[in-house]
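Encoded as structure tokens, the structure appears first; notes follow it.
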Amino acid sequence: MISISAQTLEQLQQENARLLALIGRRDNTIQNLQHQLHLFRTARFGRKSEKGVVPEQMALQFDEVYVASEVNASEEGSETQTETITYTRSKKSTGRKPLPKSLPYVEQIHDLSDDEKQCACGCALTHINDEVTEQLDVVPQMTFRVVHIRKKYACKGCSDTIRLAKLPKQPIDKAIATPGLLAAVINSKFNHHMPLYRQEAMFTSAGISVTRATLSNWLIKSADLMTPLVKLMEADINDYDIAYADETSLQVLKEKDRAPTQKSFMWLFLGGPPDKRAVVYQYHPTRGHQIPHDFFADFKGYVHADCYQAYVTLGQQEHIHHVACWAHARRYFVDVAKAHKKQGVAHQIVALIGKLYQIERELKDKAATPALVFMARVKKSRPIVLQIKALLDDAQLKVPPKSPLGAALFYSLTHWEALNIFLFDGRLELDNNLGERTIKPFVIGRKNWLFHGNDLGAKAGSILFSLIETCKQNKIETFSWFKYVLTHIRQASTLEQLENLLPYNIDHSLLTDMRSLPNLIMPEKSEVN
């Protein structure tokens with residue numbers, strides 16, 4: 001029989017405890033790496049849709065890979081009552097939508113020949129009605145010259161007086177670009193994401209020499225001219241009490257004291273009443289916390305945003321409430337649920353958040369007023385939120401904090417107050433999806449043009465993007481608005497006149513003729529040759 005001293009036994013026990021702790025840490029590391037590998041594989045090869053993450057029936061149990069060993073086995077088998085929500089969805093029409101009656105049109109009359117109008121019985125056929133079929137046609141972008149003929153007069157009596165009719169003020173002095181051409185270039189670049197080199201190629205194919213450098217210069221000068229409108233939009237966002245914020249990266253090649261590979265940022269700020277929404281993009285070389293603080297310096301109310309620390313600290317100001325995004329919180333749990341088929345707390349929380357969104361969809365379908373939304377949230381949403389909080393609190397005691405599920409729990413619990421703000425005002429949203437949808441066009445455009453050449457181009461882009469997206473928010477046709485405003489902005493000498501040009505203030509009837517073709521004079525063949 002081998003005898004072991006008390007000291008040796010204690011040393012062995014300590015070593016055993018150390019090794020068990022080491023194995024536990026390595027197990028957690030392996031689980032985290034497996035989770036990350038699953039996310040990378042899903043991002044690279046998997047479906048983007050999150051459908052199918054949560055089954056209809058769920059066991060009330062935790063993901064065993066994260067639960068501490070002291071969880072009682074009886075807890076794993078317990079079940080929760082589930083509520084099945086059904087609703088009726090109207091079937092979408094599969095027929096072709098009719099062409100808009102607002103489009104100009106040409107008529108092509110197709111008639112029978114004289115012989116075909118004779119019946120075999122010898123009688124003449126009588127016209128009874130017409131059968132109309134519509135097609136859609138297009139003429140590629142039409143370019144034409146605008147020839148300004150300025151009448152000049154002289155006095156025959158004294159021969160000292162000569163008067164010349166004034167040329168209308170142009171957006172850019174001594175440039176060949178009309179308001180319509182500038183509007184087309186802006187619309188192509190910032191609405192349809194067509195890089196300038198492709199626009200240059202289109203002009204070249206039409207026999208017109210306009211270089212990329214010239215196009216870029218036109219954009220910068222147009223943005224300078226329209227900057228006062230964006231300043232008014234910034235003020236309008238600060239005057240209302242609900243706003244949205246987000247940011248995304250961009251690359252600017254030539255920035256002072258910065259390498260071409262360094263990331264810069266485009267910030268998005270959106271606000272104003274629902275029927276007068278303003279969108280402001282701002283280019284900044286950094287992602288500094290001071291940027292949203294400076295923008296919302298005069299703001300009092302609610303700012304929807306993700307939980308980037310700049311927005312969290314913004315919400316710590318006395319007059320600003322940060323409205324956190326449930327979609328971001330949900331995403332953490334969806335990633336965990338996708339990685340583990342065994343039903344657990346992540347699946348439960350995703351299902352409960354889904355119920356919150358179902359309530360919001362039903363309220364939107366009914367066009368509920370903010371007061372009704374508030375009451376419905378108190379009655380239906382608040383109990384679900386309390387269920388989520390109970391699950392979070394319970395799971396936090398049993399899940400390693402550095403695991404993926406632990407990170408998901410930490411995110412929601414850390415920002416719990418901001419996630420609950422939506423319950424207190426029926427005008428607030430459950431998430432920041434409006435802000436994220438509004439910044440998405442810039443992200444799509446970035447994939448086409450890849451970078452800005454310098455900070456002047458980036459600043460001009462932020463101004464013109466702001467105006468494009470504000471038009472879209474207010475259902476204003478972008479080309480027509482830019483053409484009208486570029487025609488008249490240099491005549492706007494008062495604050496009221498500038499405010500009347502804003503997309504959400506402009507008289508829609510003023511834009512109806514902006515796409516009308518003038519009576520064109522076709523050049524003689526001798527002139528062409």
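All positions are counted from 1 along the displayed chain.
For all residues, glycine too, the Cβ spot is worked out from N, Cα and C.
Where the annotation comes from TrEMBL, it is an automatic prediction and has not been curated.
Sequence annotations record features per position, and here TrEMBL assigns domain 'Transposase TnpC homeodomain' to 33-107.
Residue counts for the domain 'Transposase IS66 zinc-finger binding' (116-158) under DSSP (helix as H, G, I; strand as E, B; rest coil) come to 0 helix, 5 strand, 38 coil. Annotation source TrEMBL lists domain 'Transposase IS66 zinc-finger binding' at 116-158.
For 175-459, the entry in TrEMBL reads domain 'Transposase IS66 central'.
What TrEMBL records for 466-504 is domain 'Transposase IS66 C-terminal'. For the domain 'Transposase IS66 C-terminal' (466-504), the residues of the chain that approach it from at least six positions outside its boundaries are 169-171, 179-180, 182-184, 186-187, 190-191, 222, 225-226, 228-230, 232-233, 236, 270, 272, 275-281, 438, 441, 510-512, 514-515, judged by C-beta separation under 8 angstroms.
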Per-residue pLDDT averaged over the domain 'Transposase TnpC homeodomain' (33-107) comes to what? 54
